[in-house]
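According to TrEMBL, the protein carries these features:
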DOMAIN    243-463  domain 'Histidine kinase'
DOMAIN    510-625  domain 'Response regulatory'
DOMAIN    657-756  domain 'HTH araC/xylS-type'
MOD_RES   D558  4-aspartylphosphate
TRANSMEM  189-209  transmembrane segment
Amino acid sequence: MWISTNQGIIKYNQSKKSIVIYDQKDGLASNEFNDNSALKLNSNQFYFGSPSGATFFDASKISLNSYAPQVLITDLKIKNEIINAHDKDVILEQSIGFTNTITLDYDKANFSINFAIPNYIRSKNNQYSYRLVGLENNWTTTKNSEANFAIQNPGTYTFEVRGANNDGVWNKNPTTLTVIVNPAPWRSIWAFLLYGIVIGLGLYGLIWIMKSKARLKQKLELEYLETQRIEENNKLKLDFFTNISHEFRTPLTLILGPLQQILADYNGTNEMYKKLLVIEGSANHLLSLINRLMDFRKLENHQVSLESANGNIVKFTREIYLSFIEYAKDGGYDYTFETSDEEILVYYDRYKLERVFYNLISNAFRYTPKGGSINIKINHDQQNLFIEVEDSGVGISEEHIDKIFDLFFEVPTHNQVQKNYNKGTGIGLSIVKNIVELHKGKIDVTNKTTGGVIFKVTLPLGREHLLDSEIIPDFKISDDIAQYSAQLEPSEIIENEDIEDLIVNEEKQTILLVEDHKVLRKFMKNLLKKDYNIIEAENGKIALEKALKFVPNLIISDVIMPEMVGTELCSKIKENIKTSHIPVILLTSRSSLVYKFEGLESGADDYISKPFNLMEFRLRVKNLLNTTERLKIKFSSEDSFIPSEITVSSLDEELLKKAFKIVEENISNEQFDIPFFCSELGVSRTMLFLKIKAWTNCTPNEFIHEIRLKRAAQLLEQNKLTVSEISYKVGFNNPKYFSKCFQKKYGETPSQYADKFYKSSTIKL
């Protein structure tokens, strides 16, 4: 069917449902035709009238263009610029028409593709259909030979294009081009992997933070509960000790009242009177301690008032400073005292302020390494007195510095560098602050830039800040233990006595008493002097010298003393070969188990806590000396024993083992004598005699003699050698003398001794 229109002539194929449009470019006279101006002849010729003339043609001679050309890709444009092969971006290594795949970065994903059909017959009628698989699956049909794309997502896409010729014949095999778009760096696999890691870490961190917060909350709750528990426990302890102290006052009063009456009416012996004075002094001291404990409780409840008097604060502080001087020397501290004036008069409560500076100086030593510096400085202005305790220790962390004066707060124990100090209770600095504020003063603490801290106590000068009730005429007489020295007659107090001037009873054992408290030392001497020779020493240093000089049978030593403490004395006694066999009893008022362990670890043989029962004290001294004697007897009475059973130190045990070995190795040597024995053992003749006597109660010759006879007894029990052979084998060159010595020790001749074991073995068979 042929149809004329105002756009040309249309050929419509009814069976194929296809059309072909012809216009002036195909040879028509015009694209517009007149209405009702068409004619068809039998010869298949057609005539169409138009304003420009008639158009006629033979339809049988007009053939269809059946060539379906392959579409060619001609150009690639990025940002409207044609991309050529081998450009600087190296997108194309060859012409686009010979390229199957192109790779574009994320910033070049807006591109155009040009294409064409090699059909030049009425080419204006050529058509194209294209799509970009992966972006869109529907075909786009157009006569335009350019396709534009803007790809947002990275990935692999396939561009497909097909064409139709002028007669609408389509090529069924599209031309393809693979387009790979690289992701942006932030959308790459590595980026997403990083995002995953970051998100994972973020989630983990979030969970950790949440858990940490939960743990922190729980920790704070536990700390709060623990603080409450500690406060409650301390309150209960304070209540308990206060109540106990209160209960102690009644029986003490009942003791002191009759005791003072007895002393007033006493007409008995002077010895008994002195003992009663010691009892009275000790009871008064105990009453004073109880009163102090109750004052401590009152201080916590703010129920304590000052008892201040006008005094020289410089002298008072220097006395406290000097009480630490020996400890400072032992630790190699640079320990100094500085004052702007030698006399500064201040109203202060002596007992209470004493606790302040003892606490501050003690803390300075506790948190300062040995070899560090601790300085006490005193100065003043017109209104105030300033006392500083400065150290070069570990300092206080900023998180703790505002809390150190809180009740029950304790600086972490890892800050403490002097491990021999006890763990604090957390109340010391709180009490210090209370006492200073009771004096209308203040206390500050600051960290030094070079390390360490400065505690600064500020006290007002004058008396205007005090109530009349807070001022007393003078300080109370100290209830220190030195008051007991007045209860003894001057002739009885022996200071630095020379032991060579004392009459020593050779039949008695000798005890070295080491105690810096003269009254207690004299008291113990009176307890023991009837049964033992007594040597006295007022500190560990003097005691060590006397122990090395006189080698006593027993040492009784206090623990807390100047010059050298008891545990150090004990260690030095046990480490010295001359004195290592001497048993040591440590005596102290500290009853805690930790101090007993400290003393026993230093080598002490016993530990007695003050106050002690007099009968128990005597018995423990007697039993320890008797035990030593029994160990000596054990050597003579038993044929076999372990060296550790008759020694009191590892040093003695090793030396005794060596002595036994030397004798055993030379048991058949008739020429084995004392000089050779000393040489082999590595000790002097005097030391050999001293140690053998201490271990076995024998002389060195008797010691060798005993071992030879015990070895002979063992050989006789075996019944393998004759008496004469055994005599020579154990170092006797005269069998008769051997028999005489053997009979003296065992109460029977060697033959009788051997027969006894021979008969015993025969009966068993």
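Note: Cβ is positioned from N, Cα and C throughout, glycine not excepted.
For the domain 'HTH araC/xylS-type' (657-756), the DSSP counts in helix, strand and coil order read 74 helix, 0 strand, 26 coil. According to DSSP, the secondary structure content of the domain 'Response regulatory' (510-625) in residues is 53 helix, 24 strand, 39 coil. Packing against the transmembrane segment (189-209) from elsewhere in the chain are residues 183: each is 6 or more residues past its ends and has a CB under 8 Å from a CB in it.
Taken as a whole, the domain 'Response regulatory' (510-625) shows an average pLDDT of 80 in this prediction.
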